[in-house]
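For reference, the structure is listed below as structure tokens.
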Amino acid sequence: MEKARNEYKKDGRHLQGEGEFHEQDQNLLHVEKAKSEDENKGRNTWARKTEYFLSMLGYSVGLGNIWRFPYLCIRNGGGAFLIPYLVCLVLCGLPLFFMEVALGQFMSKGVYQVWNICPLFKGIGIGQIIVNIISGWYYVLLIAWVLIYMVHSFRSPLPWTICGQEWNSPLCVPQGARVLYDANGTVSPALSQSANATGDTVWQHFVVNGTTDMKGLRSSSEEFWLNNVLEISPGLEELNGLPWHSALALFVSFALVLLCVIRGVKSVGKVVYVTATFPFILLTILIIRGATLPGALDGFLFYVTPDWSKLVQVQTWLEASFQVFYSLGPVWGGLVTMSSYNKFHNNCMRDAVILTFVCEGTSFFAGFAIFTVLGHMAYNLNVPVENFAASGSGLAFVVYPEAVSYLPVPQLWALLFFLMLLTVALDTQVHLHSCLVVCVLKDVWRPPFVAFEVVMTSLQDHMPSVVKRWEIIMKIVYSCILFLLALPLACRGGIYLFQLMDWYIASFSTAAIGLLQTVAVAWIYGAERFMDDIQLMMGRRPPYLFNVLWRYITPVLLLILLIASLLTYEPPTFKEYHYTSGAVAFGWFIAIFWFLPVPVMAVVQIMKSSGDIKKRLKTVCSPTSEWQPSPRDLKERYHTEKEAPPRSSSLCSKIRGC
């Protein structure tokens, strides 16, 4: 043991000058040796690096990447939106992503236990558990909708391509029909000649007293979505009962999530080989097919043509920032949870950089599949492309179903497409689900695929002996409780509740949590000390740029984002429906609720400490003895090394006596 201590001190983090080169060399040798050993004894790890990479990819690439990013692009200047988005991604998204990956990998613990790095902010972990519970509660509804579409994909013709069914209105426009009337109710000669020349089906709009309401037209796919799948009610105040098909689809959705996580990280690692790769194959096929459709070029140009005037609008930068949080997944807990199953000496910095840009590149890639079809729909309905740009969260259930119907053997492609959506939504839901159940049994995990994993990991870290015996039972119980709580979402007015949750869950609280997280790690614990810990894992220190980002740039931008989001707040809407003041108040409660544990736990931690206020602050601002590397052979050496005077300092060094 004495020899090991001497070797570690020889490799120490406090050597200066030429010794630092020797330190890097020794650390690299130690890392290479450790990579061949079982570093995280007592905790499951990913069987292969590929499983971790695909799990992170599946967690970050959700349905929001498929419909939300393209929608925000055209709403905020098309190609010009990429500039604020990339700026926010590099200056906020990547630093937070890397920080959370490193936190989880260093301790091999979930979102609650990692805050032993700074007990004053243990409430962050509890808040992340709460947001995963809430997300897992409402996000699973997306899986239920996808399952309903999958069942209808076996019908011929596809029900969303035709009119004249019980859920259709007189203003329904079937797929493939072209509107030959302009807004004045007169026939357009140019369109008539085009239709006759190409053999297109001519759809004659219903005219009453020589007038027509062109704005009332709705495609058959939109009417199928609103009137058949949702059976939508006039508003949130009228839930209007629970359709049996929605309840059944919701039950099957929770059952699928449970099956994916029932055996823990090992089963999740196998599932992601399919769920994380299949969407890319289908998106590529849809882009190729969409590019061959009439009007596709208009949709493409609408998507990429920049409107530079949008760059001076605050709303553009706000939506770019929140989309980074929404799609990449920092401050939600899933990144910490999944990285806690890495081997200790994994190169987490390389993973963070690659995953950040691959995940967000997927968002832009998916936009081409969306807007080539949007251009074709606009061509058929004789309306501008921007008329479809405000479809919001229903975009994937209106535009994409029509897109696959233009492919040969549309039933096959529809089934494959919705299978793709199922894998994307299931990925996110499983990791959410895991993040919760294991965090209350293991520590704290995130609902549905990653969500469930976040919850379960946190529980396991906190009560390992209980989890080992009762983990499967707890997962089943947790799933059943969430299913019962989610039934109101499946009602005819449930879409309004879903929209309300989606509006507020990724609100200002995400910026607030991210800000406190950077303050806790980079200022209270110390950015240099944290980089030392990362060096212990990777064998080399991260670039100094991350020090600057963590300490200055990222927290300042997050503070600006927090203030701006509060100043520019607008109440939620769904199509023409405006929420009541009571519904808005409930939304604000949800937004604030997962932030409340931060100040509450800070007070609790201070009260639990002993001594005068200065001593108490010193205690809660200092890492506990539990903050240590996960490999057993490094734990004692880590604490021995910490007895030496540290080369790095932090904001509260005087309080902590460092």
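Glycine residues also receive a Cβ, built from the backbone N, Cα and C atoms like all the rest.
The region 'Disordered' feature in TrEMBL is assigned to 1-25 (among others).
Residues 46, 142, 268-269, 272-273, 275-277, 279, 303, 323, 326-329, 334-335, 338-339, 341-342, 346, 351, 354-355, 358-359, 362-364, 366-367, 370-371, 392-393, 395-396, 421, 423-425, 427-428, 431, 446, 449-450 of the same chain, all 6+ positions outside the transmembrane segment (52-70), place their C-beta atoms under 8 angstroms from a C-beta of that stretch. Taken from TrEMBL, the feature transmembrane segment applies to 52-70 (among others).
If you take the C-beta of Ser327 (Na(+) binding site) and look for same-chain residues 6 or more apart in sequence within under 8 angstroms, you find Ser60, Val61, Gly62, Gly64, Asn65, Arg68, Phe69, Cys359, Glu360, Ser363. In the three-state DSSP scheme, Ser327 (Na(+) binding site) falls into the helix class. What TrEMBL records for Gly58, Val61, Asn65, Ser327, Asp427 is Na(+) binding site.
Residues or ranges marked as transmembrane segment in TrEMBL: 82-103 (among others).
What TrEMBL records for 124-151 (among others) is transmembrane segment.
Summarising the annotation, TrEMBL assigns disulfide bond to Cys163-Cys172. On its own chain, Cys163 (disulfide bond) has Cys172, Val173, Pro174, Ser220, Glu223 as residues at least 6 apart in sequence with a Cβ closer than 8 Å to its own Cβ. In three-state terms derived from DSSP, Cys163 (disulfide bond) belongs to neither a helical nor a strand segment and is classed as coil.
The annotation transmembrane segment is assigned in TrEMBL to 244-265 (among others).
Taken from TrEMBL, the feature transmembrane segment covers 277-304 (among others).
Residues or ranges marked as transmembrane segment by TrEMBL: 324-341 (among others).
Taken from TrEMBL, the feature transmembrane segment covers 353-379 (among others).
Positions annotated as transmembrane segment by TrEMBL: 403-426 (among others).
Long-range neighbours of the transmembrane segment (476-498) within the same chain, counting only residues 6 or more positions beyond its ends whose Cβ lies under 8 Å from a Cβ of the stretch, are 133, 136-138, 140-141, 144, 230-233, 235-243, 246-247, 249-251, 254-255, 257-258, 393, 433, 436-437, 447, 452, 455, 574, 577, 579, 583. According to TrEMBL, the feature transmembrane segment maps to 476-498 (among others).
Taken from TrEMBL, the feature transmembrane segment covers 504-527 (among others).
Residues or ranges marked as transmembrane segment by TrEMBL: 548-569 (among others).
Per TrEMBL, the feature transmembrane segment maps to 581-607 (among others). Distant neighbours of the transmembrane segment (581-607): 119-124, 126-128, 130-131, 134, 236, 496, 500-501, 503-505, 507-509, 512-513, 516, 571-572, 616-617, 620; these residues of the same chain sit at least 6 beyond its ends, with a Cβ under 8 Å from one of its Cβ atoms.
Per TrEMBL, region 'Disordered' is recorded for 623-652 (among others).
Counting other C-beta atoms within 10 Å of each candidate's C-beta, the recorded positions Val61, Cys172 are led by Val61.
Same-chain neighbours of the transmembrane segment (82-103): 73, 76, 114, 117, 311, 316-317, 320-321, 323-325, 328-331, 335-336, 339, 348-349, 351-353, 355-357, 360, 364, 514, 517-518, 521, 530, 533-534, 537, 542, 546, 549-550, 553-554, 557-558, 561, counting only residues six or more beyond its ends whose CB sits under 8 Å from a CB of the stretch.
Counting Cβ pairs under 8 Å to the transmembrane segment (324-341), the top-ranked stretch among 244-265, 277-304, 353-379, 548-569 is 353-379. Listed in chain order, the extra residues whose Cβ falls within 8 Å of the Cβ center of the Na(+) site residues Gly58, Val61, Asn65, Ser327, Asp427 are Leu57, Tyr59, Ser60, Gly62, Leu63, Gly64, Pro279, Cys359, Thr362, Val424, Thr428. Sequence-distant neighbours of the transmembrane segment (403-426) (same chain, 6+ residues past either end, Cβ-Cβ under 8 Å): 58, 61-63, 66, 139, 142-143, 146-147, 149-150, 153-156, 158, 160-161, 175, 256-257, 260, 274-276, 278-279, 282-283, 286, 289-290, 293, 369, 373, 376, 396, 448-449.
Among residues of the same chain six or more beyond the transmembrane segment (548-569), those with a C-beta under 8 A of the stretch's C-beta atoms are 88, 91-92, 94-96, 99, 314-315, 317-318, 321-322, 507-508, 511-512, 514-515, 518-519, 521-523, 527, 530.
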